[in-house]
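Swiss-Prot annotations:
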ACT_SITE  GLU105  active site
BINDING   ASP10, ASP104  Mg(2+) binding site
DOMAIN    6-186  domain 'UmuC'
SITE      TYR15  site 'Substrate discrimination'
Amino acid sequence: MSSRKIIHIDMDAFYASVELREQPHLKGRPVVVAWEGARSVICAASYEARQFGLHSAMSVATAKRLCPQAVYVPPHFDLYRQVSAQIHAVFRRYTDLIEPLSLDEAYLDVTRNFKNIPYASEVAKEIRAAIFAETGLTASAGIAPNKFLAKIASDWRKPNGQFVLPPHKVMAFLETLPLGKIPGVGKVTLKKMQSLGMRTAGDLRRFERGELLNHFGRYGYRLYDLVRGTDERPVKAERERLQISTEITLPEDLPLEQAAGHLPHLAEDLWRQITRKNVEAQSVTLKLKTYDFRIITRTLTYSSVLPDCAALLQAAQMLIARVPPQTEDAFRLIGIGVGHLVPKNQQQDLWA
């Protein structure tokens, strides 16, 4: 078992918590972050809203039936990005091995840390305290020998808690771990596992590598390692991007049409980034990740720059239409990005 010390930090109901911080009169009420509209989906739900069954990626229409008294606030991605930058500034006091997964979560490798703190649990405790002191927001943390285990552990004491999974306890922990807790195991995969008599990671561990390959394709190889607590992926420090992008990991695997419901707010977020960086783009890329971790991308390149957010959204929707429908496919991530960047006003042609 690895001797690394990995922390997974996950902010608690991040978007909703930022909105509640800005509008404290809403505290205690079910708050939903979403644009209102017939085809809109929830970006985030406060813990009070979750008690009514509301969650991100749910349609606003469904949410209003389940919780008519919920308060809806539009997302403010520029603000979320500012707060995320504050949080990352806290991380950098301890390590430069930081791998952001989104605005509200990241992996940190603190095996060697700037403060020479021997216990990763103490590092996590200090980081969470600093985040709260400087932003007023709470975070949960998982501490483990690798990224897979740290991510699972961060969910164990939510909200505003942390859970340590030391190497000598990993196998016992995994023996009874429900399969639905394994990242990437969504409804489709879980149903197949259950049909094979699997209920826990311990059950899955009793299958040979070849059997898992037959049942789950190449994802079977990864499952074989994960249920044995093996994950050698390093924490990859963020590097300068050659494109600008935004994406969302869905709380459950969704069919393509439902996943595409996130495109309007992704496009709006991405357009804000483009505007703030004072650049223009000539290509748009759609990224999808399936339940079994296959990556699907589609790209459109134009002879001139995108003129506005509506054109960006239109391009993303055209790319969705290029994804061949597969009845078994369910998606756990959707994102869009732009490339072929040029400084604003350098490209004068009209978009066509």
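Including glycine, each Cβ sits where the backbone N, Cα and C put it.
This view paints the features noted in Swiss-Prot onto the structure.
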| residue | record | Cβ within 10 Å |
| --- | --- | --- |
| ASP10 | Mg(2+) binding site | 20 |
| TYR15 | site 'Substrate discrimination' | 27 |
| ASP104 | Mg(2+) binding site | 22 |
| GLU105 | active site | 20 |
* Asked: In this predicted model, what is the average pLDDT of the domain 'UmuC' (6-186)?
  -> 94
* Asked: What kind of secondary structure is ASP104 (Mg(2+) binding site) part of, going by DSSP in three states?
  -> coil
* Asked: How big is the gap, in Å, between the Cα of the residue listed as 'active site' and that of TYR15 (site 'Substrate discrimination'), rounded to a whole number?
  -> 12
* Asked: Where TYR15 (site 'Substrate discrimination') and ASP104 (Mg(2+) binding site) are concerned, what is their Cα separation in Å, rounded?
  -> 8
